[in-house]
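Take a look at the structure below.
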Amino acid sequence: MAALNRLQKIASHLDPPKTVKFKVAVLGAAGGIGQPLSMLLKMSPYISELSLYDVANTPGVAADISHMSTGARVKGYLGPAQLPAALTACQLVIIPAGVPRKPGMTRDDLFNINAGIVRGLVEAVATHCPSAWVAIISNPVNSTVPIAAEVLKKAGVFQPGRLFGVTTLDVVRAEAFVAELVGADPRDVSVPVVGGHAGITILPLLSQSRPPLPASMPLEQRKALMARIQDAGTEVVQAKAGAGSATLSMAYAAARFADSCLRAMSGEGPVTEYAYVAATAASSSVVPAGLPYFSSPLRLGRGGVEEVLPLGPLDALEAENLAAMKDELLGSIRKGVEFAAKGPAAAPAK
Ligand SMILES: NC(=O)C1=CN([C@@H]2O[C@H](COP(=O)(O)OP(=O)(O)OC[C@H]3O[C@@H](n4cnc5c(N)ncnc54)[C@H](O)[C@@H]3O)[C@@H](O)[C@H]2O)C=CC1
Ligand SMILES: O=C([O-])CC(=O)C(=O)O
């Protein structure tokens, strides 16, 4: 029992149970990410109701998770007819629905299937819980977040400070790899990762690593570390050899992101997180010019993003990488916006 309590604390990074409790939905809850993520969320002291939605297998997943003796009430919802009930009164909606990569694919190769899935689900969010914070995991994140934004805009409910592309896994990986390299405990390491969530758009700011990388570290080794963080998703796809992409580390990363959101909503701010968000007039002085979406350090508060924080000083390698990513990131954003402009989903998931 003591061990379980400790696990709960570790999973939520946190202090004793809170009084403010929220309804949280996972859309795609029966998938490779959805299942372990739902399990971790069931241990969160901030969640009173956990809504597990998928187009397949949710009754089993919900029955299984509901037997855990932790606080959140769990309910499973199956198929589009049950989506409204899954979403009604939700404050946070996490979306890992969609297909994962196989070896040889890029994240953009998932666009044709996942763009429509995300559009349909966010249409339902706009109707049934328009004020909810929405965290998109489904790839390609660089495009699916702009799609979600366009859907919310069309419905007249877009709040840029409440829509997030989840890039926490890039931060988690950077922490793990730097810890390995410097021989530190990963929990004591922090590394900003900004930009987007695909290949060269993932920009770890290794010059701001805490603890710092050894000053004597050769440039080639820094470049190799940066490349490993950028290609870490592919490393997992190849290791899984056709059985999907990162699921367990992603579930951990998403649970950590959800925990930050729920702490901020509870007024336990200021909470600092990284996520891929829309640029606004207020963030124009800190986000690289010409990029309407960018993953930045954020200060979260009760209402969502309160401030997009500056990236801090970049070294020459990082500045070069930032310049190099711009065209790809902009192309992915445009692709998402154009897709959303084309018209309604073939089969809206209402
Ligand atoms: N943002 C990130 O850092 C990461 C993103 N991903 C992405 O997350 C997505 C999910 O990955 P996995 O869980 O491994 O895939 P998976 O195939 O194991 O699970 C996806 C789930 O989505 C469900 N689904 C499909 N259409 C749906 C709909 N219209 N409504 C509700 N549920 C629906 C499926 O039934 C399935 O249970 C992929 O697009 C993957 O590329 C994966 C890892 C990291
Ligand atoms: O690589 C993939 O396809 C899944 C993903 O986004 C990641 O692991 O970072």
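All residue numbers here begin at 1 and follow the chain in the order shown.
Note that Cβ sites are derived from N, Cα and C of the backbone, with glycine treated the same way.
Whatever TrEMBL says is automated annotation, not expert-curated.
Going by TrEMBL, these are the annotated features:
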- 23-165: domain 'Lactate/malate dehydrogenase N-terminal' (DOMAIN)
- Gly28, Ala29, Ala30, Gly31, Gly32, Ile33, Gly34, Asp54, Asn114, Ile137, Ser138, Asn139, Met250: NAD(+) binding site (BINDING)
- Arg101, Arg107, Asn139, Arg173: substrate binding site (BINDING)
- 167-339: domain 'Lactate/malate dehydrogenase C-terminal' (DOMAIN)
- His197: active site, proton acceptor (ACT_SITE)
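Distribution of TrEMBL features across the structure.
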residue: Ala30; record: NAD(+) binding site; Cβ contacts under 8 Å, 6 or more apart: Leu52, Asp54, Ala56, Asn57, Thr58, Gly60, Val61
residue: Gly32; record: NAD(+) binding site; Cβ contacts under 8 Å, 6 or more apart: Pro100, Gly244, Ser245, Thr247
residue: Gly34; record: NAD(+) binding site; Cβ contacts under 8 Å, 6 or more apart: Val26, Gly28, Leu52, Asp54, Val61, Pro96, Ala97
residue: Arg101; record: substrate binding site; Cβ contacts under 8 Å, 6 or more apart: Arg107, Asp109, Leu110, Asn139, Gly233, Val237, Gly244, Ser245
residue: Asn114; record: NAD(+) binding site; Cβ contacts under 8 Å, 6 or more apart: Gly98, Val99, Ser138, Asn139, Pro140, Thr144
residue: Arg173; record: substrate binding site; Cβ contacts under 8 Å, 6 or more apart: Ile229, Ala232, Ser249
residue: Met250; record: NAD(+) binding site; Cβ contacts under 8 Å, 6 or more apart: Ile33, Leu37, Pro96, Ile137, Leu169
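In sequence order, Arg107, Asn139, Pro140, Val141, Asn142, Gly165, Thr167, Asp170, Tyr276, Ser295 are the residues of the chain that are 6 or more apart from His197 (active site, proton acceptor) and have a CB within less than 8 Å of its CB. Neighbour density for Gly28 (NAD(+) binding site): within 10 A of its CB lie 26 other CB atoms from the protein chains shown. Helix first, then strand, then coil: DSSP counts for the domain 'Lactate/malate dehydrogenase N-terminal' (23-165) stand at 65 helix, 30 strand, 48 coil. Remark: of the binding-site residues Ser138, Asn139, the most isolated position is Asn139 (fewest other Cβ atoms within 10 Å of its Cβ). Gly32, Asn114, Asn139, Met250 are the binding-site residues among Gly32, Asn114, Asn139, Arg173, Met250 whose C-beta comes within less than 6 Å of an atom of ligand 1, given in sequence order. Checked against ligand 2, the binding-site residues Ala30, Gly32, Arg101, Arg107, Asn139, Arg173 give Arg101, Arg107, Asn139 as the ones with a Cβ under 6 Å from it, listed in sequence order.
Mean predicted confidence for the domain 'Lactate/malate dehydrogenase N-terminal' (23-165): the pLDDT average there is 98.
DSSP assigns Met250 (NAD(+) binding site) to a helical segment in the three-state reduction. Using a 10 Å Cβ-Cβ cutoff, Arg107 (substrate binding site) registers 26 neighbours. The DSSP secondary structure for Arg173 (substrate binding site) is helix.
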